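Colleague: Take this structure, written in structure tokens, and hold onto it; I'll ask about it next.
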Amino acid sequence: MQLEYFLLLAAALFCIGIYGLITSRNAVRVLMSIELMLNAVNLNLVGFSNYLDPENIRGQVFTVFVITVAAAEAAVGLAIVLAIYRNRNTIDMEQFNLLKW
Amino acid sequence: MDFSSSVASQLHAGTILPEGIVIITLMTILVGDLIFGRSSSRWLPYVAMFGLFNSIVALFFQWNNPNAIAFLGSFSGDNLSIVFRGIVVLSAMVTIPMSIRYIQQSGTSLAEFIAIMLTATTGGMFLCGANELTMVFISLEMLSISSYLMTGYMKRDPRSNEAALKYLLIGAASSAIFLYGMSLLYGLSGGETNLNIIATKITAINGTQSLGLAISLVFIIAGIAFKISAVPFHQWTPDVYEGSPTPVVAFLSVGSKAAGFALAIRLLVTAFGSMTEQWHFIFTALAILSMVLGNVVALAQTSIKRMLAYSSIAQAGFVMIGLIAGTDNGYSSMIFYLFIYLFMNLGAFTCIILFSLRTGTDQISEYAGLYQKDPLLTLCLSICLLSLGGIPPMAGFFGKIYLFWAGWQAGLYGLVLLGLITSVISIYYYIRVVKMMVVKEPQEMSESVKNYPAINWKLAGMRPLQASLIFATVVTSLAGILSNPLFTLSANSVNSTPILRSAIITQEITQSTIQVSSVEDLIN
Amino acid sequence: MNLAEGVQIVSFGILAVMMIGTALGVVLLPKIVHSAFLLAGVFISISGLYILLNADFVAAAQILVYVGAVNVLILFAIMLVNKQEDYVELPGRTIRKVATGVVCFGLFALLGTMVLATPWSLSTTSPSVVDNTVIALGEHFFSDYLLPFELASVLLLMAMVGAIILARRDLIPESMADENTVTTGLTLPERPRELARLGSEEQDS
């Protein structure tokens with residue numbers, strides 16, 4: 001088993017996340033894409049931690065922090081999605097044009 | 001591991017006393033709101049301001065702290081971080097009095113708003129001193145998440161929701177990209193998270209040329225540029241500025257931006273010290289784009305909040321000149337300008353809040369003829385806008401001159417010339433608002449100004465607004481002439497910060513070796 | 001190749017295919033509910049990869065937090081905003097999707113080159129030097145990562161408070177006893193742009 005396999009896998013997941021981020025029209029799906037990107041980062045960190053830093057496993061510590069923050073971010077994001085759904089009755093990203101881009 | 005003997009003695013927990021005070025204030029406000037209910041909103045803002053003031057006092061006593069590196073290297077309380085933490089706290093302290101009336105008038109709960117703002121302040125303060133990747137990430141997210149919450153605070157307003165959603169999605173995406181860059185940094189340094197150790201290890205392992213290092217640099221700069229809203233990463237700024245409650249905009253444009261610059265200095269100078277040329281190049285591009293686009297697009301805006309959004313993008317471009325210069329004067333001119341920018345920008349936002357509270361609009365055309373109805377507001381807004389534009393007797397002029405001078409000394413002639421040209425353009429749109437207010441005849445007055453309510457400072461929450469308005473204006477008009485203490489402060493903080501010292505010395509060495517080699521070439 | 005290594009490679013292959021497949025499903029499937037369930041698949045396969053990387057605690061945390069909390073939260077959000085939306089097809093969206101796909105593939109190629117070209121400074125110690133990761137992580141949390149650990153508590157508190165503020169259903173406060181206080185009912189005091197424009201047009205005519 002080699003480090004590079006895991007890194008390539010993480011890079012693929014990251015790029016899929018970016019694709020979803022840009023093309024999705026549903027706000028909830030955009031949030032899911034962001035979770036994919038964060039998971040790619042976690043995979044990177046745990047991979048590095050196992051192959052480069054096995055004594056201190058700092059990467060795993062970092063991953064636990066990322067998981068914590070990702071959960072908080074998801075909660076806040078979904079609260080905002082709920083608030084906007086209540087006012088606009090839609091979660092289509094293309095409809096959010098009150099403010100000019 | 002025996003915690004009390006081995007770890008506790010090395011923590012130097014006193015270094016984070018200022019942040020501790022802010023967190024205690026935050027808890028007091030949350031608990032006070034729970035116990036006393038809505039009636040507590042009468043005194044809670046003053047508790048918050050008192051806490052922030054104490055935090056500034058604590059920061060003052062931290063100057064030249066001998067145990068600057070605290071928490072086993074996670075936090076660095078050196079003088080550079082103290083100055084930036086001061087800017088963040090000060091911006092929150094000036095923002096709170098101007099938000100009291102605004103938030104109450106919108107019918108939302110004031111205590112919760114202040115609690116979220118104090119969390120953002122804490123996050124910003126820790127970000128200024130974060131010396132470790134985990135710490136950078138957690139404090140950055142603390143600042144960002146509370147900013148999203150504040151942006152969406154007017155939850156029945158679709159504009160506020162939309163701004164919050166856009167801010168959250170773009171912000172979370174950029175922090176994921178930033179995080180990917182940090183994970184590469186962790187891997188390239190062979191498993192280190194402390195910035196200083198990364199800096200030494202990364203050159204030992206990779207040399208100075210490495211594709212991985214370049215990608216990590218680009219990803220990290222993307223994250224930082226989002227925070228300071230530099231141009232290709234600025235799309236969120238105008239929307240968020242227009243859709244959020246105005247006090248939040250004031251805080252974002254000063255406190256959050258200052259924290260972003262502190263992060264930029266620390267991360268780039270230490271961890272990417274070996275790639276100075278590359279990041280100077282990227283930042284030059286960002287600065288050029290920000291100055292040009294920010295100033296040109298600001299000309300076309302009809303809403304004053306959007307105009308100030310583009311103006312803040314342009315101002316970030318000016319500040320980046322100091323960062324690119326990379327000299328003592330460059331860094332201290334950044335700090336000096338951020339201090340002045342704090343007062344003039346917050347002053348301008350206070351005036352906008354006051355006007356929108358009285359008339360319910362933020363369109364520039366509605367300001368026509370304001371001079372006849374409210375001379376004080378006109379005077380203050382004019383002073384702040386002229387100072388932002390850099391008209392001579394105001395503080396903004398001296399800040400800009402110092403920045404440009406530092407850039408010129410460092411040989412950034414093109415950048416400084418572009419800065420001069422774009423600041424001439426910027427004067428046009430600032431003057432436009434001033435002209436609109438002052439020069440119009442009584443019959444040209446806009447509808448809102450005709451129906452201008454009687455000025456009554458006795459309404460609940462108006463006194464603090466007035467106090468912060470006058471404070472910001474007085475500082476803006478006097479700081480230029482009495483700038484010496486500020487000037488010494490920023491110069492001292494740069495001179496006594498170890499990370500900048502070593503960075504500047506290595507740069508000078510490389511420059512002198514280049515000179516020596518060119519001289520040798522000439523001789524041969 | 002001994003048996004253990006063979007098992008590792010086979011399980012890596014299965015997990016990798018599963019992860020990429022489900023991740024593609026998350027971004028490509030038309031129905032959002034399917035995406036949400038596939039997201040759980042992504043999280044579970046990543047947790048399996050963590051076990052291959054000797055990170056047992058993180059693998060458990062991944063399942064507990066991501067599958068148990070985040071994914072359930074997302075499902076609840078989908079149920080709360082469950083309006084069937086027929087998106088109006090906008091012209092040029094297909095081109096945009098293809099362009100984005102090409103850009104993302106280019107980014108993947110770049111990152112892949114970087115991963116393969118960089119000489120990672122592999123550690124010579126065996127990965128099993130830490131026999132109990134929970135103890136090792138705990139020691140880190142209470143020594144050199146103490147400050148971020150404590151700070152995360154403030155962050156979580158405020159995220160919780162803030163999410164409740166934004167998601168709860170508020171009554172528009174009745175105008176208070178004071179005559180002079182006008183409340184705008186939880187909206188910005190500034191009028192929206194369209195209304196402002198209408199106001200000025202009326203005044204022109």
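Placement of Cβ uses the backbone N, Cα and C atoms for every residue, glycine included.
Worth saying up front: this structure is predicted, and the values here are computed from it rather than measured.
Per TrEMBL, the feature domain 'NAD(P)H-quinone oxidoreductase subunit 2 N-terminal' maps to B:13-100. Residues annotated as domain 'NADH:quinone oxidoreductase/Mrp antiporter transmembrane' in TrEMBL: B:130-426. Among the features that TrEMBL reports, transmembrane segment is placed at B:43-62, B:82-103, B:110-127, B:133-153, B:165-188, B:208-228, B:248-269, B:281-300, B:331-355, B:376-398, B:410-431, B:467-487 (among others).
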Colleague: The transmembrane segment (B:208-228) vs the transmembrane segment (B:467-487): three or more C-beta pairs under 8 Å (separation of 6 or more)?
Modeller: no
Colleague: Apart from its near flanks, which chain residues at least 6 from the ends of the transmembrane segment (B:110-127) lie with a Cβ under 8 angstroms of it?
Modeller: 16, 18-19, 22-23, 25-26, 29-30, 32-33, 40-41, 44-45, 48, 51-52, 75, 85, 88-89, 92, 95-96, 99-100, 103-104, 135-136, 138-144, 146-147, 149-150, 153, 248, 251, 255-256, 258-260, 262-263
Colleague: Could you put numbers on the helix, strand and coil content of the domain 'NAD(P)H-quinone oxidoreductase subunit 2 N-terminal' (B:13-100), residue by residue per DSSP?
Modeller: 73 helix, 4 strand, 11 coil
Colleague: Restricting attention to the domain 'NAD(P)H-quinone oxidoreductase subunit 2 N-terminal' (B:13-100), give the mean pLDDT.
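Modeller: Across the domain 'NAD(P)H-quinone oxidoreductase subunit 2 N-terminal' (B:13-100), the average pLDDT comes out at 92.
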Colleague: Output the single range from B:43-62, B:133-153, B:165-188 maximising the number of Cβ pairs under 8 Å to the transmembrane segment (B:248-269).
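Modeller: Answer is B:133-153, with the largest number of Cβ pairs below 8 Å.
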Colleague: How about the transmembrane segment (B:82-103) with the transmembrane segment (B:331-355) - do they touch, taking at least 3 C-beta pairs under 8 Å (6 or more apart in sequence) as contact?
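Modeller: As far as Cβ distances go (cut-off 8 Å, pairs 6 or more apart), the transmembrane segment (B:82-103) and the transmembrane segment (B:331-355) touch.
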Colleague: Apart from its near flanks, which chain residues at least 6 from the ends of the transmembrane segment (B:331-355) lie with a Cβ under 8 angstroms of it?
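Modeller: Beyond its ends, the transmembrane segment (B:331-355) has Cβ neighbours at 80, 83-84, 87, 90-91, 94-95, 98, 101-102, 246-247, 249-250, 253-254, 257-258, 261, 265, 304-305, 308, 312, 315, 318-319, 322-323, 325, 361-362, 367, 370, 377, 380-381, 383-385, 387-388, 394-396, 398-400, 402-403, 405-406, 465, 468-469, 472-473, 475-476, 479-480, 483, 486-487, 489-491, 493-494, 500.
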